[in-house]
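Novice: For reference, the structure I am asking about is given below.
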Amino acid sequence: MIKLVLIRHGQSLWNLENRFTGWTDVDLSENGLSEAREAGAILKKNGYTFDVAYTSVLKRAIRTLWIVLHEMDLAWIPVHKCWKLNERHYGALQGLNKDETAKKYGEEQVHIWRRSIDVRPPALTEDDPRYEMNDPRYKALKKGELPLTECLVDTEKRVLAYWHSEIAPSLKSGEKVIISSHGNTIRSLVKYLDNLSSDGVVSLNIPTSIPLVYELDDNLRPIRHYYLSMDGEVPEGEIPKHISF
């Protein structure tokens with residue numbers, strides 16, 4: 001049996017401020033740092049170990065992974081970073097307060113932008129200072145590859161391309177894998193693994209920094225999945241609460 005661990009980064013500064021984040025490279029809040037330490041302690045207490053780790057090129061996911069691996073005495077394992085594991089790109093909404101945006105555009109419109117799978121938010125323009133084309137971490141990308149906005153389908157497409165080219169072969173070779181990433185990235189993976197419908201993924205919420213374990217067969221089909229706490233597996237349908245750590 002193959003085990004895969006997925007973890008959404010700890011609370012970020014913009015999670016705390018209720019802002020659309022997307023590809024903006026904000027760091028963890030103090031609470032997020034604590035959540036990451038707790039996740040590492042949970043995995044260590046439950047006897048988990050890893051051979052390789054995958055993450056995005058955004059510091060909130062990278063730092064979460066660093067902290068988790070440090071808590072597990074696994075800081076030495078290989079870590080692969082790729083933009084294809086970045087959060088969904090929220091276009092011109094990035095940096096805006098979610099409540100203020102709802103007042104401006106209406107709650108229904110903002111809900112559609114956030115939760116529908118195939119509707120993109122308003123795009124950035126190429127002269128917008130938030131456009132990432134000049135960011136050195138994306139220098140290998142061609143202009144057309146760098147998004148100006150994304151819907152969940154767009155995010156899923158790039159995430160699954162990386163899954164099939166890099167992560168799935170690693171799992172099939174017998175390596176123990178952890179992925180530290182973002183809410184919509186993990187939603188995309190869960191949708192694929194569990195073969196969720198569009199309606200099913202719309203209501204799916206991924207909590208910050210709670211280890212989500214998938215048990216997979218040799219063909220990487222899911223047998224079952226569950227969240228982990230200090231006391232072990234959490235009953236299906238329940239999400240453990242964070243403790244001060």
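Cβ from N, Cα, C; glycine included.
Grabbed the feature section from Swiss-Prot, which reads as follows:
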- 8-15, 21-22, R60, 87-90, K98, 114-115, 183-184: substrate binding site (BINDING)
- H9: active site, tele-phosphohistidine intermediate (ACT_SITE)
- E87: active site, proton donor/acceptor (ACT_SITE)
- H182: site 'Transition state stabilizer' (SITE)
Novice: Are any of Q11, G22, K98, H182, G183 (the recorded positions) within 10 Å of the residue listed as 'active site, proton donor/acceptor' when you go C-alpha to C-alpha, and if so which?
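Specialist: Close recorded positions: G22, H182, G183.
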Novice: I need the least crowded one of these binding-site residues (G22, G183), counting other C-beta atoms within 10 angstroms of each C-beta.
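Specialist: Each of the binding-site residues G22, G183 was scored; lowest Cβ tally within 10 Å is G183.
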Novice: To which of the recorded positions Q11, W14, R88, K98, H182 does the lowest count of other Cβ atoms within 10 Å belong?
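Specialist: Taking Q11, W14, R88, K98, H182 as the recorded positions, the minimal 10 Å Cβ count falls on K98.
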Novice: Relative to the Cβ of the residue listed as 'active site, tele-phosphohistidine intermediate', which residues of the same chain, six or more apart in sequence, are found under 8 Å away?
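Specialist: Residues satisfying the criterion: L28, G32, A36, R60, A61, R63, T64, S180, S181, H182, T208, S209.
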Novice: Are there any residues in the same chain, six or more apart in sequence, whose C-beta is under 8 angstroms from the C-beta of R8 (substrate binding site), and if so which?
Specialist: S181, H182, G183, I186, I206, P207, T208, S209, I210
Novice: Within 10 Å of the Cβ of E87 (active site, proton donor/acceptor), how many other Cβ atoms can be counted across all chains shown?
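Specialist: The answer is 26 other Cβ atoms.
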